[in-house]
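Trainee: Below are the features listed in Swiss-Prot for this protein:
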COMPBIAS  343-357  compositional bias 'Basic and acidic residues'
REGION    338-357  region 'Disordered'
TRANSMEM  5-25  transmembrane segment
TRANSMEM  32-52  transmembrane segment
TRANSMEM  67-90  transmembrane segment
TRANSMEM  110-130  transmembrane segment
TRANSMEM  145-165  transmembrane segment
TRANSMEM  206-226  transmembrane segment
TRANSMEM  268-288  transmembrane segment
Amino acid sequence: MLDHITPFFALVAFFLVLMPFAWHIKSKNVGLIMLSIWLMLGNLDNFVNSMVWWKTTADLAPAYCELSVRLRHLLFIAIPASNLAIARKLESIASTRQVRAGPGDHRRAVIIDLLICLGIPIIYTSLMIVNQSNRYGILEEAGCWPMMVFSWLWVLLVAAPVIVVSLCSAVYSALAFRWFWVRRRQFQAVLASSASTINRSHYVRLLLLTAIDMLLFFPIYVGTIAAQIKSSISIPYGSWSSVHTGFNQIPQYPASLVLMENTFQRNLILARLVCPLSAYIFFAMFGLGLEVRQGYKEAFHRALLFCRLRKEPKASALQHVVADIEVVTFRSHDTFDANTSTKSEKSDIDMRGSEAA
């Protein structure tokens, strides 16, 4: 019906984002960590939905669908919000404001990043019920899908927040690029003075990531909902009861019905491809660095040791000799006698005195 390769792309994308996740945690970049989490959850949900509802529209997992539709709705703004946090971090470093920041300022910056990456998506998802006409719908091969009523309130609570967050991210990205370009010759010194774990190469990759979000994914999102915004802005909301009539009914849409709606089919495919495509770009930028590759080697080595496919390397003879020398040296210091040393020095002085006489 739609496509048979998206679920497999999503599964591969999940593992590609998972592989360097430990390294991202060490970097302590809240925006990058949260973006990794959202991409992993989005791709895993995409794969599970496609597999469970591959050839059916039956309501097989109501509890899972309740969570899935909220996750899908949350991802509309969670990914742009994470990019906004990354762009703010880059602008703060390049503008040298982070140089003048104290420990309290760093703690405050982490809290603000968490509010952006986690708080905004939670509030955005909690308001989903206002425009939600049914608990969820089921699309063959796509799985659980949010069901919304389009009106001016949908534009205000669903479409507008994503556009505002994306525009803020674009502004910070532009400012970060401006500062980077102005201070490009001494930028390594700027990074060193900011006490940041980001090096120049990593900074450029983060800047490219925010630029791709601004130049690629934001236009795709606006392009897919522009017509809907134009048609919905003048539609009245009605009332709560009219919007939620038959809320517990679960609409089911077979593949043949979806294929009849060309616009909906196109938007559906784009919506399903955003997470896998974002994950592949993310991995290409942050999953192939030297430090990350070294982490892969260490993890692979530990896995071989755990499965007993490789033996623990034995210490060389040279290491044992060095260790023995260190032990002997340490013991010789322990047996040092201050009294003996003093007496010997005194006898030497007496002998010299007698010779002089």
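Note that Cβ sites are derived from N, Cα and C of the backbone, with glycine treated the same way.
These figures come from a predicted structure and were not determined experimentally.
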Trainee: Taking contact to mean 3 or more CB pairs closer than 8 A (sequence separation of 6 or more), are the transmembrane segment (5-25) and the transmembrane segment (268-288) in contact?
Mentor: yes
Trainee: With pairs 6 or more apart in sequence, are the transmembrane segment (145-165) and the transmembrane segment (67-90) linked by at least 3 Cβ pairs under 8 Å?
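Mentor: In contact, yes.
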Trainee: Quick test of the contact rule: Cβ under 8 Å, at least six residues beyond the ends. What residues does that give for the transmembrane segment (110-130)?
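Mentor: Same-chain contacts beyond the ends: 30-31, 34-35, 70, 73-74, 76-78, 81-82, 84-85, 88-89, 146, 153, 157-158, 161, 165, 243.
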Trainee: With Cβ-Cβ distances below 8 Å as the criterion, list the same-chain residues six or more beyond the ends of the transmembrane segment (32-52) that contact it, or say none.
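Mentor: Contacts with the transmembrane segment (32-52): 6-8, 10-11, 13-14, 17-18, 21, 24-25, 60-61, 64, 68, 71-72, 75, 78-79, 82-83, 85-86, 113-114, 117-118, 141-144, 206, 272, 275-276, 278-279, 282, 286.
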